[in-house]
Every structure is written in C-alpha cells, then in structure tokens.
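Working notes, structure below.
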Amino acid sequence: MSRTKFIFVTGGVSSSLGKGVTVAALGCLLESRGYTVSLQKMDPYINIDPGTMSPYQHGEVYVTADGAETDLDLGYYERFTHSKLTRKNSVSTGQIYNTVIQRERKGDYLGRTVQVVPHITNEIRNRMYIVAREENPDFIIVEIGGTVGDIESIPFLEAIRQMRYEHGSSNVLFVHLTLVPTITAAGEAKTKPTQHSVKELLGLGIQPDILVCRVSQPMTKEMKNKLSLFCNVKEENVISASDISTSIYEIPKMYKEEKLDEVVLKTMGMELRESNFSEWDKMVKGLLTTKQTVQIAVVGKYISLQDAYRSIYESLSHGGIAHDTKVEFIKVDPENLNKDSYVEILKKVHGILVPGGFGDRGIEGKILAIQYARTNGIPFLGICLGMQCAVVEYGRNVLGLKDANSTEIRPDTEHPVISLLEEQNDIEQMGGTMRLGSYPCKVKENTLSYSEYKSILIHERHRHRFEFTNRYRKQYEENGMIIAGTSPDDNLVEIVEIPKHNWFIGVQFHPEFQSKPTLPHPLFAGFIRASVKYSKKG
C-alpha cells in the first residue's frame, strides 16, 4: 500500500444523494492541490456488472478503456479528474462472491469453512489494495454504494471498519453523505434523520470523520453545532452541500468554499498545498455566461430516464462550453415519431443525435428522425445503434434497398446492411461478451471526421455486437455515404459520413465516454459548432 491513503464515502437517510458526484468533486479538489488520486466504486448488487441491467434499473452503462461495463458514477470520476479508470475501479458483490467461490472450488481455502468474515471482507479489501499497489496514488477515494442500513452493504462497511482498525485514522478517513430534509409545514431543516444514520454507522463500528449534509439551503452555524454535538464530529467537519440548480460542475467550487478538501487534508495530517483551481473555475464561468443557445434533439428509447444517457448529455454540454453555447435538450421518444408527427416534433431543433441502444423498440422512429436530419441539412450525430440506423435509413431511401435492416432487428431481412460481428457468432453468454473497450480507428484524410479529430489514428471505446456489412460498402460509397473511418486492418467500419450534408456523422463507437468539461470531445464540439451555424440560418 506504501503511501496511499483511503477516503471512504458512505451514504445515509436516502439514496440518490450524489455520492458519486461528491467523490468526483473531492478528487477534483485534491488534484487541484497537486495530489494524485484514484477513485473506486463498490456496488452491493449481486450482478457481476451492470452490463445486462435495464437502464430503467441502473441508468447508463459506462465503459472503461479496458472494456469493463461499469456504473455511471465512473463517468463522473473520469470527467472531474485526470484518472484513467479500469475494471479494477468497479467492484460488485457479484464479483467478490464469484472470486471467493471459484477459490473454494479450487481448494484454495484448504478445507476451511468459507464465511462472510473473513473471506468476503478480505476479498473486498484486496480489491482496494490492488489499486493502491498498481497505481500508487496519494489518495484512493472509495464510494460505498447503497445506503447505510441496507443489508447488502454490511460486508463492505465491515471491510472498511477493519481497514481503519488496521491502518489508523491518519491513513483511513470516513466521509458520510447524508440528507437534512426541510419540512415545508414547519419551515425548518431537521437533523434527526442524520443523527439516526450516524447512530446506525456507529453500531457497525464506524465513526464518521466528516459529515456532508445535503440541504435545500445553506446550513446555519446552529445546525452545524447541533450535528457536531450529537454525531461526535468536529463542527468544522460538518459540510453544507446545498442544492445547485445550474450545473453539476459548480459542485467542486461549492465544496471548495466549504473547505472540504482542507478539512480532509488537515484530518489526515497532510500538507495543505496551494490550490490551482483556475482551469476549472474558468470552465464553470464560461458555462454560466453563454452567448447563445441551441436546441438538440436526443432521440432514444430510454429518454424518460435522465441517467440513461448521462454521458451523452454531459458531452453535449461540453461541446457547448467549447463554443460559448448553452445546449437545451429536446428529449424525443422515438415511439412518438411517425409520418404524421415527426416534422412537427423536430422542426425547431438545430441538431439531432441518436444514441446507442439495443432492441427493436423505437427503431422506425429513430430512422424517421435521421431521414428528417438528412433531407433538411440538420446536423446529425449517430452513435453505435444511431450510426446503424443511419446506414439503414440511407439504404432504404437513397439506395432503394427497401428491405434494408439490421439482423438484430429483422434476422431474415433481404438486405442485411448491418449484421452480427463474425466473432460473436458462437457466443451464447450475454454478459460481458460484446466488443468492449478502446480500439484504434484509422480516419481517412480529407473527411469531416479528420477535420474534427485532426488525426489519422484515434482510439475510441466500443460496446456493440453488430457492424456495417462489408459487402455493401462499395454501393454506399458510390452513392454518397462514405466510409470515413475503419479498424486499422480495414475490416470493420467505424465512421460513416455524407460529404454533401452540412454535418452528418455516424460512429460505431461511444465518443461520450472520453469527453471532459475542460477538454470537450472533438465530435461533440464539432456537432455543436455545426448546430450553432444551422441555428443562425433563420
């Protein structure tokens, strides 16, 4: 473990308080003081990973460079910090039990009774120590998923209790994020739920060092004093986390003003280095003082759930930051698009994005949206399934392949312009078996994609089973849709474009997983630039 210190963030009273953003914001603040950080998520569900979960259950699946399908919180971690995360940074109960059971079957436990303590808790700790050994950061900030009191979280809480006992308070810090609700009828904030949450933690042997309190209004000194007294936490260690209505990228600034990073460093006996927060501060100011607004239609089957396309929305905002532009999202359910409605729904937008997804629900609505973008010169970005739908639309309406489709949607189609990757043919298991992670892509010069990337070789993250069918490549290129990017061996189509269009790009990969507010992805920056230009046509 060497010099690495551990910060554990738990949650109490309620779920969805923003532990992931708090972890990311703290990482951002510590990096601004010159410390190196790594971030890790412990998920208490029994799934191995979220790859087969419905977005309605879990939100988006965030893909790391090494191909791990992870919680969307890892997206916050990478966007807020300089960390390059891998599968080691995402741990689930399912992974832990799977490892322990496999060892038991191999006889590694020498006939002993395998139990939650010590075997499960030891494996949980081991996952943290692996990150410490391999990355050797100054800090590892670990988010413990779920809410204190949940039965699923108990082994993780026991593991971090043991770590505090073993390594001491100067090396292990506990941060508890909790809710201080305001009762409208009484007109005051109530600290009792937080007191009970801390009492629950104390019963598990964990004394929080820092309380981060979600409140609708900034906490008064009296409230902080009360929580300090009843929760056995220093008053200066009670942090007010007020609701922010503008942008999540203001959250590090809010925590900085509350001196969260200073409290962490002081409590752990670390040097309070000078903070260099200027780049982040400049980005936030630019985000809040935009000169213009564009409306972007996001056409996706899970559109009713904000978290289903979290990285898409954030990346579009990053593109807006690059051009002093506020991006308004027009969320379109493709099932509401038909030949009678699609023009009315889409006529006021300045750009159309169709994100990734699976299955046939809403496919025809997506194809109608793409047709509208193509025929009206509206900037279009298709991602993964969105790119595949663009290929299908072009085949049907330009090439005259009336039955054109993906074999995912219609296995017996006469013109399978999108088909299963050859490597997927013999795969029976669903979880973790797609083409996952970062792969190189060769970009053709003198294309729109090249003008955006300004590079011949790029690396992008993938999550798919289907691809452009190569035997149709010549027919498409001869009729106006070009192949702008392929795998280095030229076997897989990665990017398609329509050169005669204002801005029309479809990509097989997921560029949203590599965009940051301080470094917008070139495709999103280019898409928003084109949308701004389109908006000024009148």
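Positions of Cβ are set from backbone N, Cα and C atoms, glycine also.
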Listed by Swiss-Prot with Ser16, Leu17, Gly18, Lys19, Gly20, Val21 as binding ATP, from among Asp66, Asp71, Asp73, is Asp73
CTP site partner of Ser15, Asp150, Ile151, Glu152, Lys190, Thr191, Lys192, Pro193, Thr194, Gln195 according to Swiss-Prot, chosen from Lys224, Lys226, Lys234, is Lys226
Listed in sequence order, the recorded positions within 10 angstroms (C-alpha to C-alpha) of His510 (active site) out of Ser16, Tyr56, Asp73, Cys384 are Cys384
Per DSSP (helix/strand/coil reduction), Cys384 (active site, nucleophile) sits in coil
Sparsest Cβ environment (other Cβ within 10 Å) among binding-site residues Ser16, Thr191, Thr194, Gln195 belongs to Ser16
Check: min Cα-Cα distance from Met387 (L-glutamine binding site) over binding-site residues Ser15, Gly20, Lys190, Pro193 goes to Gly20
Across all protein chains shown, the binding-site residues Lys19, Lys192, Lys226, Arg465 give the max Cβ-within-10 Å count at Lys19
Note: in the chain of Val21 (ATP binding site), residues six or more apart in sequence with C-beta under 8 angstroms of its C-beta are Tyr76, Phe80, Ile248, Ile251
Closest by Cα to Thr194 (UTP binding site), out of the recorded positions Glu143, Gly357, Cys384, Glu512, is Glu143
